[in-house]
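Participant: Checked TrEMBL, it gives:
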- 42-440: domain 'Ammonium transporter AmtB-like' (DOMAIN)
- 461-483: region 'Disordered' (REGION)
- 41-63: transmembrane segment (TRANSMEM)
- 70-90: transmembrane segment (TRANSMEM)
- 124-148: transmembrane segment (TRANSMEM)
- 160-180: transmembrane segment (TRANSMEM)
- 200-218: transmembrane segment (TRANSMEM)
- 230-248: transmembrane segment (TRANSMEM)
- 260-281: transmembrane segment (TRANSMEM)
- 288-307: transmembrane segment (TRANSMEM)
- 313-335: transmembrane segment (TRANSMEM)
- 347-366: transmembrane segment (TRANSMEM)
- 394-415: transmembrane segment (TRANSMEM)
Amino acid sequence: MLYPRADIVMPEYNPDKPNGGNSLDEDVNAQYAGLEFHYTYLLFCSAIVWLIIPGIGLLYGGLARRKSALALLFQSFAVCGVVCFQWMFWGYSLAYSRGANAFIGNLDNFGLKNVMSAPSPGSVLLPEIVFCLYQMLFCACTVMLVVGGAFERGRILPSMIFAFLWATIVYCPIACWTWNSNGWLYKLPSLDFAGGGPVHIASGWSALAYAFVLGKRVHKGDKIHNKPHNTTLVFIGTVLIWFGWFGFNGGSALNASIRSMIAAFNTNTAASFGVLGWVLVDYIRTKGHFSVVGCCCGAISGLVGITPAAGFVSVWIAALIGFLTGAICSLMHNLDKWIQIDEGLDVFKLHGIGGMVGSFLTGIFAQKWVSALDGASEYSGALDGVGVQVGRQLAEICAISSYSFVVTCILLYALKFIPFMHLRVSEEAEMIGLDLDQFFEEQIGDWSMYEQHALDGVRHDGTHASSQNSVKAVPELAPTKEA
């Protein structure tokens, strides 16, 4: 337990009051008197973690070609809706119910039953409703990463159905293994501070499975096939992701202790050194040139690498992990060609490989004195003489990688053969772009310049299609503007 002041009584879970008590009969806040700053801090962390979700949408939208970028912005909010429903319906219970077995939770908290003011299963310092919100946003971030595997050729409605099912049968069991006190990886123990396995390894392998099942994108002489259409969007998305990651890692100690503060410091350190690692490899490979997109990818790879280790390592070790993860992920530049799978948003490269590297390095560099900064935890790695921890981390990597890839493939093939559940758009729709095929009256950016009058073909710049009899010309009319 954390070491409280002598005048403060730590909250305790009472099985006779699974919801924390009846607010009409008692003050349910009283049990947290003097400890309010812990759940206030976690609520703040939850708010900034949310920014990661639209940040991923902007990042993906910028990396995609212009004609399919809007679909990725839309899905960032659609995923929020689907995952919020799934988590409230049964996702939270499957991942974190106190009656879980080693692999999956039960339905004790179905529909968020009794999830309110009682001390949470993750930390007695947090009301369970705060813990539930924080963990829900982790699930939403992960699902949004997975959806990136279908970019530029996946239909949106089936992807949302897939999101609900994937969160249920892939994310929730893996979260239970890793973070539920009854989970087999938790008891092993594997060390995963903030989601190297459930978030990054699982999303990376699942996005690879999505791209594998859908098949390669169509491109017939398309010179901009793999080029980001808007570097500014990529940069803005990365800014939101980097900022949100302070809450992602900084709150994962589930308290406002010094351990949480060093986790936040390590987050920024690893991202910064991830930039240096990626840019160095880019600079050598291109013989003296730089890349803004590469810089952004380096920051994200550093963030991914430090995620499992943030609360276990010192600041200079965090710098080393960020640099190594950035450099290794950058060296995977031609991975799609090597494995012959068109996973063009690099979810597997950044999150799958980055997550595996981070988890492995956690087993090497975890130190007891860092985890003990919260007054409650003592975990060691090979650097402290516990070499077996490296093997435990490898067990986590192998289990999560194989489960997420295989189960995702099975799920997608099952959906693929359900009538009317076509996962992929037609070849014609792919060629004109998902935005024209899946949306009405919308394209990303300022598209008014592409409008033509329906009767005489006169272009009316600056006039929206809904205000006149006009049709949108397909992006091929101005190929220099589409990227």
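The first residue you see is number 1, and the count goes up from there.
Placement of Cβ uses the backbone N, Cα and C atoms for every residue, glycine included.
Caution: TrEMBL annotation is automatic and unverified by curators.
Remember, predicted model here, so these are calculated numbers, not experimental data.
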Participant: Within this structure, do the transmembrane segment (124-148) and the transmembrane segment (288-307) have 3 or more Cβ pairs under 8 angstroms, counting pairs 6 or more apart in sequence?
Facilitator: no
Participant: Examine the transmembrane segment (124-148) against the transmembrane segment (313-335) and state whether at least 3 Cβ pairs sit under 8 A, considering only residue pairs 6 or more apart.
Facilitator: no
Participant: Taking contact to mean three or more C-beta pairs under 8 angstroms, with sequence separation of 6 or more, is the transmembrane segment (160-180) in contact with the transmembrane segment (394-415)?
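Facilitator: These two segments touch.
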Participant: Do the transmembrane segment (200-218) and the transmembrane segment (347-366) share at least 3 Cβ pairs closer than 8 Å, excluding pairs fewer than 6 residues apart in sequence?
Facilitator: yes
Participant: Taking the transmembrane segment (230-248) as reference, which of 70-90, 260-281, 347-366, 394-415 has the most Cβ pairs under 8 angstroms?
Facilitator: 260-281
Participant: Taking a Cβ cut-off under 8 Å, which residues six or more beyond the ends of the transmembrane segment (70-90) line up next to it in the same chain?
Facilitator: 53-54, 56-58, 60-61, 64, 107, 110-112, 132, 135-136, 139-140, 143-144, 147-148, 151, 156, 159-160, 163-164, 167-168, 434-435, 438-439, 442-444
Participant: Short question: which residues 6 or more past the ends of the transmembrane segment (41-63) have a Cβ under 8 Å from it?
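Facilitator: Residues 69-70, 72-77, 79-80, 126, 130-131, 133-134, 137-138, 140-141, 144-145, 148, 151, 228-241, 243-248, 250-251, 254-256, 260, 293, 296, 300, 344-346, 444.
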